[in-house]
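Below is one structure, written out as structure tokens, with a few remarks after it.
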């Protein structure tokens, strides 16, 4: 006998291989473990190819085989060796331990390091950048006596401090990840085990999640996380259904319905352990909406309570199998994915994928160490400065004729000039980032904000693309029925009481006249025209029946669960006006009507919503035996199905402009003969082996003709607080916004409209279900001709475009003002983020709130996680954590602006501080040696070189000992660091004029132009100080150090004051205190300062003149620039 064709697996050799195992009694658990495990799938694929699908797919048993069907095992085994192992698997219910261990361990590991890799990886991440590598080489050079200059601690201590802080932070973060991994891996689960002993009832034992293996039967309880991908075999619900929460997988907070394999639903634990059969599963893939597999088992022998021995041979299996195995197809609705949560009841699952092969892990990308754009720009400038110092060092050695150990002199000069790229720059920037993080976390207007990656605050001021999740990020995922339109009457949110009144009249009148709680349009018809109560009755009854909602009782209250939040909102609305769903099973549902009585409807057929059909329907039969077909769906398809009317299109447009999600509702009464004819044809279509879906669609389409139009509903998806003004402000700031969601294309379109991502009147171009290169190319050509549109594209079409026309697609998409990608997997979201980064070279920010957004958040330049209903997984993985989407405004426009502007100014000033001291060294020497050297070198060389040239080009430091240490620390550090408190505009102006943010993305605050401008300033000021010192104090050359150093310190303090835009109390205090400290320290450093000379009037007025020459011209230039070329923010303030 042959099994039903409907139960046959797919025609691929993989699926056929699974069927062959069932048909011919081959199980991995029944084979010797001598290498056959690795070869078995290849064996079956070879059988499929050699024998075709005809007889094998029909599942003939050993008794039914024809003589020509004998299988030459030697031939097959010879072919096996030529075929590599497939990733698909057929898992016996009694698989051996060796077979189970061949699959990945069920471990969760999010750690970046282990004990052996921590130091190498951290050092690599730090020193792969030239900026840090330069400091390391300079510090190591001080351990070579010939290259030692000054105190070793001045070179080693800053670098060691930076490394210690970085390593400590990395170690602490990784330790927290380790704790989270340990908690997840040690969670204990019950598995069914026949070896637990006869006294164990039920026959279970507890094992940690990390010890679960493929082939285990796992018992799940309510609110328990699913630890691995498993087939749902049995649930505690007698209907064989279970609800799971998938928010950490696909980002949707609605419960998803999963269905147990029908053959196993009624089995007890004892029977499950005694099952003889296996499960075939296709290779693991990333798609969470697709699963192809079969489960096959022999009829259970109720007279035996023993499991089939696992060591039986294939021949023994063939002899003992008197009936063909029963084969049940498996789809995604039979699978519980890892990281989902069982929402109600209990269940038993059969593990098919573990560890890295689970969908959750495959859709999660490894986190990367993020580096800010500002750090990369400084790294490039450091390379330029290093090249300059090298050329300068070689030049000075050349001027001395390459005498002696000239190569050592080159390295000594390089070390002397290392102040041009001071290690204090890294320290100052890291300390500044800490201040920015503190300002963000203590901002009272964005409470609860956490900075998890303190190295990226400046990136917040450079964002040009924002990629946002939808559910829980832009929306609350809370639906509410807002409008009901019946053609001649429209009911808004404030007039729903009138709907309840009309409903009560219709049911009450019928009850009085007919003794029934149910009314039909025909009964209430009067003179050929139904009254309003009848219309309300039909519309509300259709909405109360046409859905896939299930009432779930828990914690003393009933909640409604469905895969679509729209349906839950509508059923809640019907309950609020008097028509309540009180119970539902797979074949029936019960509704309470306004008079308190109940009405039962038998569910004859359900046609679920799909992205292709864009509608769902149901056929029900009431207590009076009346059969009715109800259908609801998107207006674009329902307009062609319902009877002609003159109001539907206009009202759909009106509701869409309000951002409401519309559903058109219709019905059709069926006679008994009509339904029987439909059922017969539909059954034939369902049992076809080829073209099944198309045949079923054609039968249903015959049923859908001339439906009576009942109503149009408008459901609002509540947006997060202040989403619309936030998105508008960000768009005005020049940020392009993309919405990436796992939801349906219709839902994404509605949200794009309601959030104002799509401007009024803007054309929305939807691209869905592309399958060929020609279709993709046509769509790209259309988009190229209409770049002012909003693109809405589904995940399947997006993947096709990325596979075939990646560069062309991303070039066009980045030119559009708005893009919404639907049905996106977590990996696709991350790929889009990386693609935009790579193609545009712009900074990308990704924001989300669920576990499915983690990959996208980690792939972005800046990842922002929202703490919401979906938990803290996105928040923990993000660089910045906020409590609601609207906080993004201040985070980017205000804190991002300040962080970038302050760090840019601080970095350039610290480089200036290093350049000017090197410049002084050079110019002091060149001023004295003007006979031997051209005066033009005064402009282009640096200070230390000149000083060295004075002393016969010897690589000797001008400022040694305490002066060298104090210059970059106590004498200038506090005033320079106070620049992190500066701001060019106040908060109100920054938020009122978001267009100011556009200037930040151009990177003008720190560019090659500003870098070379500061270099020229350093050259001028260093030269002015040294030349003026030598000219005014030609008779006091021994005091040249005290003279030039005093002028240098005063010049730096004045420059800090000139750079300040908005004064802060700490700025004034730091300048005054530093100046006093410098004056007092002169008395304690007699080896550098002669107090009699320093206190003389001649010293004071001449130092004042030097400082005036070095600083006053720059002050005049700044005043002139502010008058003739004011900054944009200055125009707004004035």
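Placement of Cβ uses the backbone N, Cα and C atoms for every residue, glycine included.
Whatever TrEMBL says is automated annotation, not expert-curated.
Around residue 661 (ATP binding site), the same-chain residues at least 6 positions away in sequence with a Cβ under 8 Å from its Cβ are 479, 566, 714, 715, 716, 717, 746, 747, 750. Here TrEMBL flags 469, 470, 471, 567, 609, 632, 661, 741, 742, 743, 823, 829, 852, 853 as ATP binding site.
Per TrEMBL, the feature compositional bias 'Basic and acidic residues' maps to 47-69.
Summarising model confidence by region, the domain 'P-type ATPase C-terminal' (876-917) averages a pLDDT of 89. Positions annotated as domain 'P-type ATPase C-terminal' by TrEMBL: 876-917 (among others).
As annotated by TrEMBL, domain 'P-type ATPase C-terminal' applies to 938-1126 (among others).
For 118-140 (among others), the entry in TrEMBL reads transmembrane segment. Residues 112, 155-156, 158-159, 162-163, 166-167, 170-171, 174, 369, 371, 375, 378-379, 382-383, 386, 414-415, 418, 421, 423, 426 of the same chain sit 6 or more residues outside the transmembrane segment (118-140) yet have a Cβ under 8 Å from a Cβ within it.
Among the features that TrEMBL reports, transmembrane segment is placed at 146-167 (among others). Remote same-chain residues near the transmembrane segment (146-167) are listed as 122, 126, 132, 135-136, 138-139, 405, 408, 411-412, 415-416, 418, 423-424, 426-427, 430, 955, 957, 960-961, 964-965 (criterion: CB distance under 8 Å, separation of at least six residues from the stretch ends).
Positions annotated as transmembrane segment by TrEMBL: 382-400 (among others).
According to TrEMBL, the feature transmembrane segment maps to 406-425 (among others).
Summarising the annotation, TrEMBL assigns transmembrane segment to 933-956 (among others).
Long-range contacts of the transmembrane segment (962-981) within the same chain: residues 150-151, 154, 419, 422, 424, 428, 431-432, 435-436, 902-903, 905-906, 909-910, 913-914, 917, 1041, 1045, 1048-1049, 1052-1053, 1056, 1059-1060, 1064, 1066-1067, 1070-1071, 1073-1074, 1077-1078, 1081, 1085, 1088, each at least 6 residues beyond the stretch ends and with a Cβ under 8 Å from a Cβ of the stretch. TrEMBL lists 962-981 (among others) with the feature transmembrane segment.
Per TrEMBL, the feature transmembrane segment maps to 1011-1031 (among others).
Within its own chain, the transmembrane segment (1037-1058) has Cβ neighbours under 8 Å at 909, 912-913, 916-917, 920, 924, 958-959, 963, 967, 971-972, 975-976, 978-979, 1021, 1025-1026, 1028-1030, 1067, 1071, 1074-1075, 1078, 1088-1090, 1093-1094, 1099, 1102-1103, 1106-1107, 1110-1111, 1114-1115, 1118, counting only residues six or more beyond its boundaries. The transmembrane segment annotation in TrEMBL covers 1037-1058 (among others).
Residues annotated as transmembrane segment in TrEMBL: 1065-1084 (among others).
Using a Cβ-Cβ cut-off under 8 Å and counting only residues 6 or more beyond its ends in the same chain, the transmembrane segment (1099-1117) has close neighbours at 1017, 1020-1021, 1024-1025, 1028-1029, 1032-1033, 1043, 1046-1047, 1050-1051, 1054-1055, 1058, 1093. Positions annotated as transmembrane segment by TrEMBL: 1099-1117 (among others).
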Distance in Å spanning the most remote Cα pair of 469, 470, 471, 567, 609, 632, 661, 741, 742, 743, 823, 829, 852, 853, given for ATP: 31
Looking at the binding-site residues 471, 852, which sits with the largest number of other Cβ atoms within 10 Å of its Cβ? 852
Secondary structure content, the domain 'P-type ATPase C-terminal' (876-917) (per DSSP, counts of residues): 33 helix, 3 strand, 6 coil
State the non-local partners of the domain 'P-type ATPase C-terminal' (876-917) in its own chain: residues 6+ outside its ends, Cβ under 8 Å from one of its Cβ atoms. 180, 367, 370, 374, 378, 381, 385, 419-422, 424-425, 428-429, 432-433, 436, 439-440, 443, 445-453, 456-463, 466, 468, 473-474, 720-723, 725-726, 729-730, 733, 735, 845, 847, 854, 857-858, 862-867, 942-944, 958-959, 967-968, 972, 976-977, 979-985, 987, 990-991, 994, 996-997, 1000, 1005-1006, 1010-1011, 1014-1015, 1017-1019, 1021-1022, 1025, 1048, 1051-1052, 1055-1056, 1059
Which number gives the other C-beta atoms within 10 angstroms of the C-beta of residue 823 (ATP binding site), all protein chains shown included? 21
Among the binding-site residues listed here (469, 609), identify the one with the smallest other-Cβ count within 10 Å. 609
Cβ packing number for residue 742 (ATP binding site), 10 Å threshold: 27
